[in-house]
Each structure stands twice: as structure tokens, then as C-alpha cells.
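Trainee: Dropping the structure in here first, questions after.
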Amino acid sequence: MKCIAFNRTGTLLAAGCSNGSCVIWDFETKGLAREFRDKDYTAPITSVSWSKYGHRLLASATDKSLTLWDVSCGEKISRITLQKTPLYASLQPASPIPSICLACPLSSAPLLVDLDTGSTKVLPVSVSENNNSPAPTSRNKFADGTPPFTPTAATFDKHGDLIYVGNSKGEILIVDSKSIQIHAVIPIPGGAVIKDIVLSRDGQYLLTNSNDRVIRVYKNIVPVKGSGEEIRNISNNSHDYESHYDKLKVNGASCLILSCELSDSITKTQWRTPCFSGTGQWIVGASANKGEHRLQIWDQTGPLVKILDGPKEAVIDLVWHPAEPTIATVSVTGLVYIWAKEHVENWSAFAPDFEELEENEEYVEREDEFDLNPREEEAEEVAIDEDADIDIETFEKNAMFSDVEDSVDEIVYLPAIPSPDVPDEHPEKYLGSSSKLDSNHSGSPSSMGAAQDGQGTALASSPVEVNNSAAEDPAEGSISKQMRRLSMKGLVSLQSEEDKTPATKNKSTKSSAKRMEPANGNSSAFDDEATEDDEVNIDT
């Protein structure tokens, strides 16, 4: 695996693999639910993204492609090839069945891609590229004259009205997704290159990961719903500014406010794939050092809460479960690790006055502790209204998703698809083995007795010979089975009875016993146990 992503409710976990396939696990059962694979393309997957209600799955690959899959039936809806390799791609969160995605190619500005038509729109990464008054030259271009860009730093807001773009000059640009126009600029302290931009699930907070080894958290002042209209109103103010860039900075101050800065002041660790928890209360970041699987969790206000150390494998991707305190990480070896909270038994939850004892103590009960009080029982019965109507149809909304409207058509679980058994090329082989079991283990009382004594006659070395002999002479086959089931005690008792019979009958029984030796399949064993010294006689 190379990358992972949870669906909106956290019941399904999608992953992109190095062979070009995408797999979906049922996160409750940890079982494989779906696998999408295009046999014509085997390039490694760089990112996976769910649609709003889980009907679509978008995958970007190193062969410069974007592939949209139908989750329910596993069919490929569309495939678009870009000019450069997309490192990250996400579907527009506003539409239940989106056709617009945001792609962040390698060494290029972010793109808005229409998956139906294949058309693309390049997003601006600096003020001058948006036909506005240019900022100072040192802020607009590199030394070689090329415009600055940030390969992977771009994300939609909660409803897809705005796009937050981070550039290499340490600026956050707020771009209108419809008009592709910059409405605000938020400079990052220090001007370090922005590597990641992540929005919290509720849209209230935004974090950036910069090259200066600091994760910065911003609080969103713009209303989550209707943010596009609000940003246009802010941008249309009639105040006079020295330059257009100053105006955009003032607009940015009305959109985002720096909340806190997170870093490791001792080791100065570079961070990789930081993200919010499902509620936005916690922030987790993975160490970018090679051979180190370390996660650090901070509170939203800034203090460090927990450090998690894993195997000596670098982390390449990280996601937090939308509703549970669970983290999934992908290591450089392609394995997915699940981090979960260790639950401690709390017996006091059964009763408020419950006291947990560390060792045994002698308890002396009160005289009236277990006496029955009929008046109290009558009072409890009166308190219960048996005629009250109970509502079993109203569904209480999950507080985790209270800010998102529910959909009847949302895919929460995927039905299991049974795989048919492959027919065997040699069914006669298994038929022979079944006849072997039937002939050797009939389950009759005599055979059970022989097994318990531990001295029963040897089983047939070739079950085919036994079956053939039984087919040629049914009588002899049944007799051979009876003789094979006899134990030593049975033979001794028969011998004592045959000593009293006439000698003429003994001759006939000896000849019949010799004819059954080949049918038994082990003549030597029969001679040792049944015809030793030619004096063991069997009455047939």
C-alpha cells in the first residue's frame, strides 16, 4: 500500500497499492470488501479520495492519470491523463456525485480537472498570475525567473466554494473555485515553503506544514456555509490601500487567524502528512526521518499530549478515523498499522458507589441490608408507565456528523461478493479418498472396540483393492470387514469355542480364511494374529 483514506463515516478504508490497484476494507471486520484494478495500467497509486457519500473513489497514479471508480459495482467511470504526475487529488466535496477534482501535480501549479470532459484550469499561485497588480519582484519569481509554486499544498474548503493554495513564498492564497480569482492572502511567519494544507472536518480550522519544521493552526473566521459569497463581500470593500497586495493581506486577516504553532523544539523534526482528528480537537503529525515510525499528538491549543513509537519503518501516509480515537498509518514497506486507544476496565460504571478492591477483604453485612421492603417495590412499579408510547423509528443524529446532512443513498457498508469455488480437474481422486474413509472408518461398534483395545488388525494398505474385491464377491467383502474388525480378545474367545467343534468344520474355515487374505490387503498381519501355528479356527 502507498496511501489510504477513510470514507465520511469511517466504516470503509480505501488504499492505493504499488501495482496500480485500489482496495477497500470493511473497517469494522477488517475484511477485504472490494478491489479495483485496471489490467492495462499498473503504475503505483499516489492518492485516493472518496466522494461525499461514498459512491465514487478517485485515484491518482504515477503514470500521470486520474481514475474515477464506481464503488458499488467496481466499474471504471472515467480516466484522465495529465501532463505531469499528480501527487495528490481530491474530489469536490459539495456534490454527492462530483465530476470536478483538485489535482496537485509534481513541479506544477494545482489544477481543477473536469473528469467528464478532461478540461483543466490552472490555479494561480501568486498575485501576479491572477492579472492583479504585481507584488515586489523578489516575492513573485525565483532567481531564474520562473514563477513560484507549491506541488502538493492545495485543498477545498468544506463545501467546495473556496480553494486554499500554499506557495513556495510562504503564503496561503484563498481562491474562488468558480471564478479562479484570488480574494485574500495570508503570509506565513518566516516565509517558509508550505508543504501541506489540511482543513478540519468541520471546516473551522486549517493547518499548514512548512519547511521550517513548524505546523501552524489557523482558525477560520469566514462562515463555513456560504463562504464563497462572504469572501466576495469582503473583497468588494471600498477602502483605499497602497497596493492590491496590501488589500489582499487585509482580506486574509478577515478570513484566518493564527491559533498556535506546533513543533519539536528539541529534535527539530520535519513533519509529514499532519491531520486533524475527527472532531478537530487533536492534531497528529508523523516524523519524516527515515527508519523512524513516530507520531506526535497535540491538543488544538498547542501542548503535546502523546508520543507514539512504532516499528523502524518510515511513515509515508497518515489518516485519523472520523469518529473514533483510531489512527491508520502506512509505512514505507507497504504495511498499514492501526493505532487504537487502550481501554481500561472501569467497574465503577456499573454503580456510582462501586469500590474496586486490590485484595480480598472480609465483608460483614448489615442486619437489614438484604431485607425485602414491599413498599419500595410497589413504588418502583408505579413509576414505570407501561402504556407510554415508545418511539423506535426516530434516528438520533450522530454528533460527529451533525454539520453534514444525511443521505439515504450513502454507502456505509459494502455487501460481500461470494467467490465461486474453482471446479477440480480430477474429481475421481477425491471420490477415491471418500471411499477410503468410508471403508476404513465405518463407525460400527466392533471397529470402535478394536480402536479402544489398540490391538486391532492392520488396515488395508490399498483401499482400491478392498473395494474391488468387495465388488467382485460381496459376501467375501463383508466377511473380510468383519475379520478386520476383530480384536485379539475376540479371536481368543472364538478359538476357545472352536476347540469344541468337529474337525471337519475346521478344515473348511481354514480354506475360507486363506481366500480372504488378499482381500484384507495385509496377509502378513493376518497370519500373525489370526492363523498363528495354524490352530486358530474361525466359525463363519
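Cβ atoms here come from the backbone N, Cα and C positions, even for glycine.
Those TrEMBL annotations? Automatic predictions, nothing curated.
Checked TrEMBL, it gives:
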type: REPEAT; residues: 1-35; note: repeat 'WD'
type: REPEAT; residues: 38-79; note: repeat 'WD'
type: REGION; residues: 126-146; note: region 'Disordered'
type: COMPBIAS; residues: 127-140; note: compositional bias 'Polar residues'
type: REGION; residues: 416-540; note: region 'Disordered'
type: COMPBIAS; residues: 432-470; note: compositional bias 'Polar residues'
type: COMPBIAS; residues: 526-540; note: compositional bias 'Acidic residues'
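Help me see these features in their spatial surroundings.
Mentor: For the repeat 'WD' (1-35), the residues of the chain that approach it from at least six positions outside its boundaries are 41-50, 52-54, 57, 59, 61, 69, 71, 74, 278, 316-317, 319, 321-324, 328, 330, 334-336, 401, 404, 410-414, 416, judged by C-beta separation under 8 angstroms.
Within its own chain, the repeat 'WD' (38-79) is flanked in space by residues 2-9, 12, 14-22, 24, 85-91, 93-98, 101, 103, 105, 113, 115-116, 407, 409-412, 414, which lie at least six positions past its ends and keep a Cβ under 8 Å from the stretch.
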Trainee: Tally the residues of the repeat 'WD' (38-79) by DSSP class, grouping H, G and I as helix, E and B as strand, and everything else as coil.
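Mentor: In the repeat 'WD' (38-79), the DSSP-based counts are 0 helix, 22 strand, 20 coil.
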